[in-house]
Number of protein chains: 2
Amino acid sequence: VESVCISSDLPAVSHTLTALIGNALVHFLLSGIPLRPQWELSTINWHVICSLPKLIDLLDDTVPGIGTYEDFNTIDWVREKSKDRDRHREITNKSKHSTVALLFSISDAFSGWLLMLLIGLMSGALAGGIDIAAHWMTDLKEGVCLNGFWFNHEHCCWASNETTFQERDKCPQWKTWAELMVGVSEGSVNVLNHFMYVSWALLFAFLAVILVRAFAPYACGSGIPEIKTILSGFIIRGYLGKWTLIIKTITLVLAVSSGLSLGKEGPLVHVACCCANILCHFFTKYRRNEAKRREVLSAASAVGVSVAFGAPIGGVLFSLEEVSYYFPLKTLWRSFFAALVAAFTLRSINPFGNSRLVLFYVEFHTPWHLLELIPFVLLGIFGGLWGAFFIHANIAWCRLRKNTRLGHYPVIEVLVVTLLTALLAFPIEYTRMSSSELISELFNDCGLLDSSKLCGYTSNSGSTSGSVNATAANGLGARLAGPGLYTAMWQLALALVFKMLITVATFGIKVTDLDVFLKAKQNIRAQASKHFFFFLISTLGGVTRMTVSLVVIMFELTGGLEYIVPLMAATMTSKWVADALSRESIYEAHIRLNGYPFLEAKEEFRHKTLATDVMRPRQSDPPLSVLTQSGMSVEEVERLIADTTYSGFPVVISQQSQRLVGFVLRRDLVISLENARRHQEGVVSVSAVLFTECDPPASPSAPPAVKLHNILDLSPFTVTVHTPMEIVVDIFRKLGLRQCLVIQNGRLLGIITKKDILKHMAQMANRDPESILFN
Amino acid sequence: VESVCISSDLPAVSHTLTALIGNALVHFLLSGIPLRPQWELSTINWHVICSLPKLIDLLDDTVPGIGTYEDFNTIDWVREKSKDRDRHREITNKSKHSTVALLFSISDAFSGWLLMLLIGLMSGALAGGIDIAAHWMTDLKEGVCLNGFWFNHEHCCWASNETTFQERDKCPQWKTWAELMVGVSEGSVNVLNHFMYVSWALLFAFLAVILVRAFAPYACGSGIPEIKTILSGFIIRGYLGKWTLIIKTITLVLAVSSGLSLGKEGPLVHVACCCANILCHFFTKYRRNEAKRREVLSAASAVGVSVAFGAPIGGVLFSLEEVSYYFPLKTLWRSFFAALVAAFTLRSINPFGNSRLVLFYVEFHTPWHLLELIPFVLLGIFGGLWGAFFIHANIAWCRLRKNTRLGHYPVIEVLVVTLLTALLAFPIEYTRMSSSELISELFNDCGLLDSSKLCGYTSNSGSTSGSVNATAANGLGARLAGPGLYTAMWQLALALVFKMLITVATFGIKVTDLDVFLKAKQNIRAQASKHFFFFLISTLGGVTRMTVSLVVIMFELTGGLEYIVPLMAATMTSKWVADALSRESIYEAHIRLNGYPFLEAKEEFRHKTLATDVMRPRQSDPPLSVLTQSGMSVEEVERLIADTTYSGFPVVISQQSQRLVGFVLRRDLVISLENARRHQEGVVSVSAVLFTECDPPASPSAPPAVKLHNILDLSPFTVTVHTPMEIVVDIFRKLGLRQCLVIQNGRLLGIITKKDILKHMAQMANRDPESILFN
């Protein structure tokens, strides 16, 4: 486990942002929303009535650190949500007394929407920038524009006056590297072009790997499994930090441009989540509350898909169906808003010059026949099988790199893969172009203005069988060795599948590209691309197990309801087939591989075990470590902390009765005791530790007691020993608990943590319970 | 409260169904899925180990009635889901031992999808039938086809050879009533036509009211508030029964045909839910489990919207956003499947002859300008205001009919409204046609083949100001007096809003229908209809507070991504404006008006009260009625039942210790005691009642004890007295509890029921807590 954490300090982030989205907005933000902590202080006097115990004052963070979490730990959703409600109540109460507070209350209510607007703008802008940069750098591998090196091939020739209609792709301003260096444009200099192509690809790939290794190890991979885990309540500090964002953005461009078989769909979700996390820092409401921040991140993942596929509704459904853990209706509305803003921003930037959000906007206008459902369902079956196989092969490969020396040389691995890909990809036009360009080439309707060779207006009787072999080899090579960015090929599954299947499609088209079929070509191409499209969707469905969101994304891509029934039939079939082979999507498989504590919401726990079978301590273990509400000294408590590694301790009335009073977290306890030792006068090792609200009668000579009532959670969740585990799992899932106490007839018997549950589930599924690494 | 319950006996339903969806399928169903109860019996021997207490055997329904609910009560979601998991486990275990059981297990796993398929087919077919019948009967008010009375106007003239291109709407075969009776087709017979039109309308309306009153009082209204309540776990027997379905289907056609300002969108959701509920009877899995059945009903409400608007994705989102309470991912997939099947079925029936799912398919192809956002947002504000006003007026009116004598004469009310509507609607062509025809007229692109007067190919300089007044009066009349079906106008809010706004739109178009503007008309019409459309959407958003689903429905209706950003802007504005005025949608307002126990998931509970403030008994009340696990006699228990009205009793170890053992439901207790008295030998009033698993030592002369361990829930939910109510509300919502016990330091102190929570919430919102009527 890499635990390199990058601290994200506020000024630096604000600096980056200022550059990114303009001075005015950030200044408005920074001035409009005060960051002063005193808003958060509770004003309720806790000592008015002593007989009635009060609930734990979660806002009272006079002792710094209380109420926060350690890295690689799970948050307590209930506690976080309580904190937010307390905060909201505070603001509402204050707003009745002064105008400033009222204004603040209003700005607080709208801050969520403002944040969504900013996330949408920033992600849309970044996605647009990535698209443009990747386009330019992809072309840079082949040549350079004399009018200005920052023009890509298309722009260069558009701007030129010497471009003819027949050969719009060629203009004197655009020089291949061979032309520039040797000066001739004959076919014999192809070797030089090939060499330059490979060199640039290697350079880009090398830069990408080095940047990731040096600055942001978390920037590797698509990030979707980690984001899924984070959304479920896990903490990985720095995973969504500013360094990750910067490096991920740069290396995404480099990796895509290097020609590796990877796409920007998954990483864009990560980039959008980084934006959201960074922007959260400007809003107290979200900065200080892990649960609220996760609502924002859920929306951000919708934004990511929205800009990747140009599908705002699909993005929202992707977030709902695939990544989110807690998705209330409020988040639904906000996600939709943010996704639309992002799509609109991207469209305004217009990176592809076609007024579309994506390069591969596909239009299906021909109606379909009922009989066509049969091939579509067959494609669904094949896609599901392929998806399940892909997940299996991918996980096997990742396990291999994890356990053998293969994973120790990421830089070399990437360079080898890039070399192979570049060497094999250059000779054939269709493998040389980027995936999205190729898809666009395949699906766009042929028109008179279209210079594509596939349309048959220029006839090339090129290499058919040879090139097909090469393409297949390239696809195979890419599949075996992976996208290359440092950890594994799996993480860019989406793009990989796209690219892999392109080889299939290219095959289909090359065959028809003979003169005899020239007349029928147009029709065959439409049929072939339609079936390829369905196969592609089915495979994506088999790999990710998305259904509704996938159909909606494709619906938004193809822009018509015409094909919704066949699409649904194909994706549903694919999901069923893949589910029959293995229950996990690629994301879940990788979450499990990495041992993250993720409680899957989709699958029900079906075993007939009871809470008593799972709770700690077991029968053979020593009794449960508990604190008593009074009667323990500072020294005793400190010894208990030192002797154990538990994250929290139940507090009982007395060791004899074992009647539960509350629960205290280890972190809070350690911080409070340290604080008392340092700042409270007269506290010594024999001082009493009191969790009660009222002082018990003590001798006047005794040293002052340490009162820890304020860190005691008086409402811990409890279940009885007879509670079936299925209900316990349900409670953990739905309420987002970290732990739960087990009682019988009023006596505390044990404790169940999220980790215990995950271990138990692993055991019941005949997996290694020790594979669950984190709390 | 009308509590007329219609029992839905299985054979009759199967009969209806056989007629509806064909013999083969039902026979397959009835033979394929055995209905024998022995599948449900538990095979685990509970008496093997006595020292380890076992969880309550929920499957053990040897005593009939145990585990069921009374009418107008709330279900226990946790218990129902446990029951289903136990059932599933049972089947899985058995499937390992025999092939028949394995086949049954497979058919059980696929029964959910089969059920969805059937619901989709049945709802789609019914919706198609309703569309065709309503179209025909609407035309019947004006005249009849000589070729066959079952042809509507359009079909009659299509089939005729004498129809000319210029006057496609007129053909000799289609006779108005005046032509048929008097024999001339002069303008002077208009009075006779008007008389016939009004008579038919009155007849249809009268039939509709009488049918509803006589056979199915539950068939009144749109049904969405009730369905929302049922989905949240409430039981209203007969609300989704076969009589409701039959009568609702017939009266929906009658009511729409009578020309009242109502539409079929809301009722179609009710019809789809009835279909789902009836079809559930054929599947043991769903018939015997209230929670599973509600999953199916959630999907059915998606189906209803899918056929009403021709928007399958919108339907799923409607179910998710507006009506569903518990919506797991599995339900998402199934809803989508069912919605698609229904849409596809409806499309195959092709009720409108245009290959579209709906009559008012709208196409917007003109691009929009950024500045246009301003009028769109303004329309959103206006729509939100109008929506909030509508809800307010509507609720005020409903309260009036509820509390005064006004509500005592539903038949007369409906007839008066119909008379007024018909009298006023006839003179003007646009009010005479049905709402959907009018919308279709307004939005379809003008073509050479279009005979619509609005397109300007035939010029009529008809009455402008006069007709506008009449139209406005009609709209007003309809609004004040309601749609007519027996209870209230509010229940068909969707349709009403449509019709009301048509008057606005008609106004806008009539003004442009002057010769001077004839050239510019086409453009103005497009602009006017676009803005009308946006106003319509905003109002719908303001009334129902839907956002994402509304945008998606409109997206599917208009068939293009072009207008998604303006649509979103309009609906979001409308929701914000309406929310600022009052928090409730029309459905929630009516749920509250009717006092249903609905725990709103959207709004958070924000008050700082604790469980101790809400729990019963209060400080002044007598102590909590509890049972002890042993030591009580049958007589004592029966006296406790007779003296109290509580739905359940906690079981404690002893009255002194008040340590909680479990919880027993009143209904289960009554049934078990009755059963013991009847069937267990030697049980007398002094017999002991035991909730323990092992018999305590008793004297041999004592009468045999009644053992009730099997009805004891050993894992009741508990919270501590210090638990904030916000957390308690959250637990109730997310887990779907009926009650929760309150303990302090292991001692039972009180109980909180769903009704207590709702009363408390009403109190905190300064409403009458006694308005909550049901448990």
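A Cβ is built for glycine as well, from the same backbone N, Cα and C atoms used for every other residue.
According to TrEMBL, the transmembrane segment annotation covers B:12-30 (among others).
Residues or ranges marked as transmembrane segment by TrEMBL: B:99-121 (among others).
The transmembrane segment annotation in TrEMBL covers B:197-219 (among others). Sequence-distant contacts of the transmembrane segment (B:197-219), counting only residues of its own chain at least 6 positions beyond either end whose CB sits under 8 Å from a CB of the stretch, comprise 2, 4, 6, 137, 140-142, 226, 236, 238-239, 241, 243-244, 246-248, 250-251, 254-255, 257-260, 270, 410-411, 414-415, 417-419, 421-423, 426, 432, 484-486.
Look at TrEMBL and you will find B:240-262 (among others) tagged as transmembrane segment.
Residues annotated as transmembrane segment in TrEMBL: B:268-284 (among others).
Remote same-chain partners of the transmembrane segment (B:296-320), defined as residues 6 or more beyond its termini with a Cβ less than 8 Å from a stretch Cβ, comprise 112, 115-116, 119-120, 123-124, 127, 227, 230-231, 240, 264-265, 268-273, 275-277, 280, 286, 326-327, 331-332, 334-336, 338-340, 342-343, 346-347, 356-358, 361, 546, 548-550, 552-557. The transmembrane segment annotation in TrEMBL covers B:296-320 (among others).
Within the same chain, residues 479-480, 482, 488-490, 493, 497, 531, 534-544, 565-566, 569-578, 581-582, 584-586, 589-590, 593 sit at least 6 positions outside the transmembrane segment (B:373-397) and bring their C-beta atoms closer than 8 Å to a C-beta of that stretch. Among the features that TrEMBL reports, transmembrane segment is placed at B:373-397 (among others).
Annotation comment: TrEMBL describes B:409-428 (among others) as transmembrane segment.
Annotated transmembrane segment per TrEMBL: B:488-511 (among others), in sequence order.
The transmembrane segment annotation in TrEMBL covers B:532-555 (among others).
Per TrEMBL, the feature domain 'CBS' maps to B:615-681 (among others).
When the domain 'CBS' (B:711-770) is classified with DSSP, helix, strand and coil residues number 25 helix, 18 strand, 17 coil. Look at TrEMBL and you will find B:711-770 (among others) tagged as domain 'CBS'.
In this model, the domain 'CBS' (B:711-770) carries an average pLDDT of 89. The domain 'CBS' (B:615-681): residue composition by secondary structure is 24 helix, 17 strand, 26 coil, according to DSSP.
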